[in-house]
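What follows is a set of notes on a single structure, which appears directly below.
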Amino acid sequence: MTMTGSVHQLSRSKRLPAKVRGLILVRDQGLLMLWIAIVILFAYLAAPYFFTVATGIAMLNSASIASIYAAGLAVGVMTGVFDLSVPGTAALAGVVTALLLRAGVPVWAAILAGLLIGVLVGIVNALIVIKGFDPLIVTIAMLSVLSGTSLILAGGNNVSGLQGLTFMGTQTYLWIPAPVYIALALFLVLTVFLKTTRAGMRLLAVGGNAEAARRVGIPVSRYRVLGFSISALCAALGGIVTSAYVTTASPGASVSIVFDGMTAVALAGIPFIGGRGSLPRVALGAIVVATISTGLLLTGVQTYWSSIATGVLLVGGLALNMWTSRTATNLLLTGDTGKRAVE
Amino acid sequence: MRNERAFELESITVHYGHARALEDVDLHVAEGEVVALLGDNGAGKSTLLKVMSGAHRPTAGRIHAHGAEVDFRSPKDAAAAGVQMVYQDLALVDAMDIAANLSLGREHVVKGPLGRLGVLDRRRMRKESQAELDALGVRTAPMTRPVELLSGGQRQVVAIARAAARLGERGVLLLDEPTAALGHEQTELVEDLIRALAVKGTAIVIVTHNLPLAMAVSDRVVVLNRGRKVGDIATSLADQDRVVSWITGAAVQGD
Ligand SMILES: Nc1ncnc2c1ncn2[C@@H]1O[C@H](COP(=O)(O)OP(=O)(O)O)[C@@H](O)[C@H]1O
Ligand SMILES: [Mg+2]
């Protein structure tokens, strides 16, 4: 069968214009370049303490615990889910696991229980949000409820003596502490899930354009439940690993978890409107934050500067990301790419 | 054989409270026919499309698809009857590539145990997406190009192709302002796509403000004015000035 009309081909179809490709490179690789620049800067400013294996490993360790939370927040943000209850979930999961361990429950069962509590929190969050309540308010309320619950469970005290969890806390394997491996495994699993599975693809579609997903028959609510559950599961894992690392579960929810995690997410260039983002860059974002705070510490600068530097960096990163994306889209939409289309 | 009544609306009335959006409107479209639905702002075009796509139930009136009476309670019902709508906002997922957008909601997974885990068969999705676009005679861009990096016309083509791929045989395609934001060359791309779909037997209704587009691409023009049908004429017999006078309400057909 022949078609009426000619086969159209716009001249710019096959290759993107050089200008646009340049912008995309900056958008995608900017964070890596930034990190390299920061490392070089501190290697010079904080010599000879900064550029050492010991510092590197310590930095990697703190980055990996932060990145576990950041991974959950990132998947949430990509799915269009803003989960502020993460610190509460982390505290509750840590406390529950610790109390079960003290009660003589096997290690694996105690960890599993902590993780399941996380998933449960995620499902409850999602079910409330689906009813049409603002996710910010719902998850703040949940944060409040969860920190109260874990304080009650723990009787207001830290639960210490978690030697049973050393294998996932302070233990090192090939000189590298356990949390680094856990974070790596988590990022690997989540990245593969988002990139290669149907559920991952639909999750991103719901985050990117819920209306579009709904119109092609995707059950949007179910994927919101999944998004909240992943976020909460990561929070619970982070809480358990943190308790393992300090061999103490603290029932107080530490809100800085959300701040640091969201900083890593934003540095990774993940727009808070959802639908896109690369998890490996979230890990890099967490590493950048850890590098700055470690570097400033070793330089002997007052620690307050570290939080100012992070904030400035955050806004700078957002601005760069917004500018590159907008410019690229404008160039393409108007077709004003410097070349005229030839029929 | 060509079915003259692929999709038929009879005495459709829609009231929004006291507002009368549509009053006793008849409309039919044949297989392979392109009907342009024209009218000023507020004339009732979007409301009529919503009735046809199952997004809004009419206050009164009947709908027939291929001769059988249907009662659309949701866009899902309409889709099951072979009616697909392309909204003006296109509803594409910007960060995803063309293949993913075309496959979304009916993704392929690989064979075997990995497939049961839901692992996507991206290669097959790319191939089928390419085949779907090829069948329509349009080339847009590589299937792996994110939609956000497409031109306006290319986006429109992807949105129309997505709807077309879900139509099945003898489908009905509804387009809301398909060229509103497009330049000349891109409008031509969309025009050719619409004609190609009509040749395949798709019944098409286009809502548009673009009179030249309507005249170029349609077989028949239908004009609404303040909720009533004031003109319905074969495009080859339509005089542009008269159509304009129907749109503005200066005249009705038969004057
Ligand atoms: N949801 C609604 N509620 C009340 N009135 C509406 C609604 N939608 C449309 N209308 C009214 O119905 C009439 C037709 O609107 P519409 O179908 O959007 O026209 P068009 O698409 O031709 O511009 C207008 O007077 C409009 O104000
Ligand atoms: Mg309208």
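From the backbone N, Cα and C atoms, a Cβ is placed for every residue, glycine too.
Per TrEMBL, transmembrane segment is recorded for A:31-51 (among others). Beyond the transmembrane segment (A:31-51), the same-chain residues lying 6 or more positions past its ends with a Cβ under 8 Å from any Cβ of the stretch are 267-269, 281, 284-285, 287-288, 291-292, 294-295, 298-299, 313, 317.
Residues annotated as transmembrane segment in TrEMBL: A:57-77 (among others). Sequence-remote contacts of a segment are chain residues at least 6 beyond its ends whose Cβ falls under 8 Å from one of its Cβ atoms, and for the transmembrane segment (A:57-77) they are 83, 86, 90, 175-177, 179-180, 182-184, 186-187, 190, 194, 203, 207, 227-228, 230-235, 237-238, 241-242, 245, 257-258, 260-262, 264-265, 268, 270, 272, 274, 277, 279, 282-283, 285-287, 289-291, 293-294.
Marked as transmembrane segment by TrEMBL: A:107-129 (among others). Proximity of distant same-chain residues to the transmembrane segment (A:107-129), defined by a Cβ-Cβ separation under 8 Å and at least 6 residues beyond the stretch ends, is recorded for 81, 83, 85, 88-89, 92-94, 96-98, 100-101, 135, 138-139, 142, 146, 164-165, 221, 224-225, 227-237, 239-240.
Per TrEMBL, the feature transmembrane segment maps to A:136-154 (among others).
The transmembrane segment annotation in TrEMBL covers A:174-194 (among others).
Taken from TrEMBL, the feature transmembrane segment applies to A:225-246 (among others).
The feature transmembrane segment is assigned by TrEMBL to A:252-272 (among others).
Look at TrEMBL and you will find A:279-298 (among others) tagged as transmembrane segment.
Per TrEMBL, transmembrane segment is recorded for A:304-323 (among others).
Distant neighbours of the transmembrane segment (A:279-298): 31-32, 34-35, 38-39, 41-42, 45-46, 49-50, 55, 58-60, 62-64, 66-67, 70-71, 74-75, 183, 187, 190-191, 194, 260-261, 263-270, 305-306, 309-310, 313; these residues of the same chain sit at least 6 beyond its ends, with a Cβ under 8 Å from one of its Cβ atoms. Most Cβ pairs under 8 A with the transmembrane segment (A:136-154) among the ranges A:174-194, A:225-246, A:252-272, A:304-323 are made by A:252-272. Across the candidate stretches A:174-194, A:225-246, A:304-323, the maximum count of CB pairs under 8 A to the transmembrane segment (A:252-272) is reached by A:304-323. Only residues 6 or more beyond the boundaries of the transmembrane segment (A:174-194), in the same chain, are considered here, and those with a CB under 8 A from a CB of the stretch are 57, 60-61, 64-65, 67-68, 71, 75, 78, 167-168, 200-201, 203-204, 230, 234, 237, 241, 244-245, 279-280, 282-283.
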